[in-house]
């Protein structure tokens with residue numbers, strides 16, 4: 001049965017990069033059939049899997065061809081490792097609601113039964129730290145059963161992670177969605193690992209993996225590839241391989257207990273964290 005995973009995190013934290021490298025590792029190292037559904041108006045959730053190509057989004061296709069003609073063969077592309085890729089896209093700048101686009105795109109994919117076709121994992125890569133109605137849809141309506149939050153040892157990344165947990169709690173009991181853990185995408189700040197471990201303990205989850213900072217990630221992006229495609233034997237590829245394995249084998253799913261603002265302030269002061 002396909003496992004549906006939503007990846008959340010503060011804008012600029014490296015969420016899409018982490019998600020694409022994890023998906024690539026699942027396919028390349030673990031032989032899984034994977035699909036990525038980008039839920040960000042920037043439509044950059046699949047770029048590294050498709051060799052740097054910005055694919056035509058579902059919303060663009062809907063505007064151009066109409067709903068009847070917006071079929072899976074028009075909007076799904078296959079990239080590295082046989083990974084299926086689709087981007088929701090969004091409205092024209094300054095017009096309409098991008099969250100509404102996410103709802104429309106996911107509903108349309110479900111109607112065509114796309115998420116059930118020979119897949120092991122579907123990743124929903126969701127816009128930044130916005131937990132408004134549309135972007136909360138993977139959580140609210142049970143479209144995703146598992147959530148992983150990408151964070152770092154920086155103050156705003158932790159605040160965003162805590163806010164996402166608050167949004168989760170609101171919908172967890174009705175939708176059945178659960179938090180699978182925090183992925184630390186390291187920024188090399190002092191005491192980062194210890195801070196993230198304490199944060200995870202306080203909200204009742206696990207730090208599923210600590211991804212070290214490595215310039216090969218940027219080098220691979222410059223070459224329009226995931227790290228796994230660029231150099232599958234390098235240390236960073238092995239980190240993503242391990243993260244993928246931990247997600248595949250994960251059984252530790254919880255409804256988090258978000259911290260209060262006062263508790264968050266105490267935590268960042270304790271570790272001397274500044275952005």
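Counting begins at 1 with the first residue displayed.
From the backbone N, Cα and C atoms, a Cβ is placed for every residue, glycine too.
Listed in Swiss-Prot for this protein:
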- 9, 10, 11, 12, 13, 14, 15, 16: ATP binding site (BINDING)
- 97, 132: [4Fe-4S] cluster binding site (BINDING)
- 100: ADP-ribosylarginine (MOD_RES)
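Look at the Cβ of each of the binding-site residues 9, 11, 12 and count the other Cβ atoms within 10 Å; the largest number goes with 9. The number of other CB atoms found within 10 A of the CB of residue 14 (ATP binding site), across every protein chain shown, is 20. When secondary structure is read from DSSP and collapsed to three states, residue 13 (ATP binding site) falls in the coil class. In terms of local Cβ density within 10 Å, 15 ranks first among the binding-site residues 10, 15. Same-chain residues at least 6 positions away in sequence with a Cβ under 8 Å from that of residue 16 (ATP binding site) are, in sequence order, 38, 40, 44, 45, 47, 125. Sequence-distant contacts (6 or more apart, same chain, Cβ under 8 Å) of residue 13 (ATP binding site) comprise 150, 151, 152, 157, 160, 185.
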